[in-house]
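Here the structure is laid out as structure tokens; the discussion comes afterwards.
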Amino acid sequence: MLVGFALLRWQAPLIAIGAVGVALVFIGYLRQAGHDLPARQLIQTAALAAVLGVGWALATGSIVAESHDVALSGGELDREKLLTGIAIPVGGAIAMLIPAAVLRLRRGVTRLPFDGYAVGALSAVVFTSAATSTRLVPQFATGFRAEDLWVSALLVQAGIQGLTLPLTALTLGGLVGLALWAGRRRMIVASVIVTLVLYTIMGVTEYTPAPHIVHLIVHAAIAVVALAALRGGQRAAGPLPEEPNPEGEAGRARVLVTLGVGAAIAVTAGAVTAVLTTPDVAKIVCPPDCGRPPIGEPIESNPRFYAADGSFSVQYPGPGSAYEATLLPDGVELEFTGGDTGMLELFGLPAANRTAKQVAEDLINEYYPDAATEYEIPNAMVGYEPGYGVVADDYPQDASGSFTRLRLIVMVAVKNDVALVASAIGPYREFTPDFGTGHPSGANLQLAIDMGKYVNSFRWTGVTD
């Protein structure tokens, strides 16, 4: 079903069924299997897990999404982003185990390991489903069908957020629950360590600018390791009881009907949400929406950066602006702290006999390997030198960030075998009469409004201001 929706680009039902599909299957499994826990305790556990999942996603989803704008200049390792990328999935792993731990501390709870597995797995998978649903809500507003999102990205999204992520959570939650109910201290410690290590690997992988398919493969490998760990935990806890199912085929049929109804409700809810939340974007029609006259921007007195090797210089926003500047030997990284946020970079690198187009393509392929070119910028200039410009989009696929469509604008010019690069990276936002320059534009990136004044402030060595 997930693959079918992805191939059809029906993202609304894909999101809906991907967020709750594994949870529905597990709930159906619990109805078939025998356990001694009262339904009320399971409902309370699931409710607490759902609340924690929604809260965790709201608190952290935008933080991860904002860290997707990786610098093209290849500066120093951003330890803060790396630590954030690790801390959020690890923190989520801890949070998804809380409902099971709370129930375990209550009096009158059964001590059968299988019941612990059921509680831990239910807690983790409901937490993950709630968090995933919350993170992907913005994607509903892009329409029932993903016209601009390529099929490969939807397939990876389905694989990570619809299958491997909830399966990993369910498995590791069940492992920890099994250990808690078995009451063996070493087993509890080992299960928690395994969970934290696997989620740490998940965080490191998502920080790394690797192709989406690599992320999917790593998530699949993590799920396999988690299943192996659960199998080991089951052996350590003893054999699971074989509970007879007196309802036989009729019981299984009812479970299948329940799953079908649940899936239908989820798909319908997703479709309705997409229809209701997709806005009607106002188009720029000239006249009357012609914007202001295209007069030149006032000249500003900004600081000038000089490369360590003396090969070029460039102006950059000074103190008091909406940018936080980081000066590197070969350029300036400017984190945009206002509006839509993003990263503006002004830097140089050896051209190594490459053309401006080759330099731009190499940079994008290294740091955004799955980005797709939207269009090439005609008559692009950097430092008033003819060069090459390109606009590309990327859809980061991870387990912890909110849905994001990144827009990349990269402009390069080469002179004296030195390539000067201006790049802007941030969330896609379509220009309308109420947002942007007022003129029709395909930039659709807030940083692009400010980018032009710095692009042509580049100077190669020997060129005076």
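Every residue gets a Cβ built from N, Cα and C, even glycine.
Noted in TrEMBL for the protein shown:
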- 12-30: transmembrane segment (TRANSMEM)
- 42-65: transmembrane segment (TRANSMEM)
- 85-105: transmembrane segment (TRANSMEM)
- 117-138: transmembrane segment (TRANSMEM)
- 158-181: transmembrane segment (TRANSMEM)
- 188-207: transmembrane segment (TRANSMEM)
- 213-232: transmembrane segment (TRANSMEM)
- 253-276: transmembrane segment (TRANSMEM)
Exercise. Should the transmembrane segment (12-30) and the transmembrane segment (85-105) be scored as in contact, given a threshold of at least 3 Cβ pairs under 8 Å and pairs 6 or more apart?
Worked result: no
Exercise. Taking 3+ C-beta pairs under 8 angstroms (sequence gap of 6 or more) as contact, is the transmembrane segment (213-232) in contact with the transmembrane segment (253-276)?
Worked result: no
Seminar exercise, completed: For the transmembrane segment (188-207), out of 85-105, 117-138, 158-181, 253-276, most C-beta pairs under 8 A are with 85-105
For this session: Counting only CB pairs under 8 A, let me know which of 85-105, 117-138, 158-181, 253-276 has the most with the transmembrane segment (42-65).
Result: 117-138
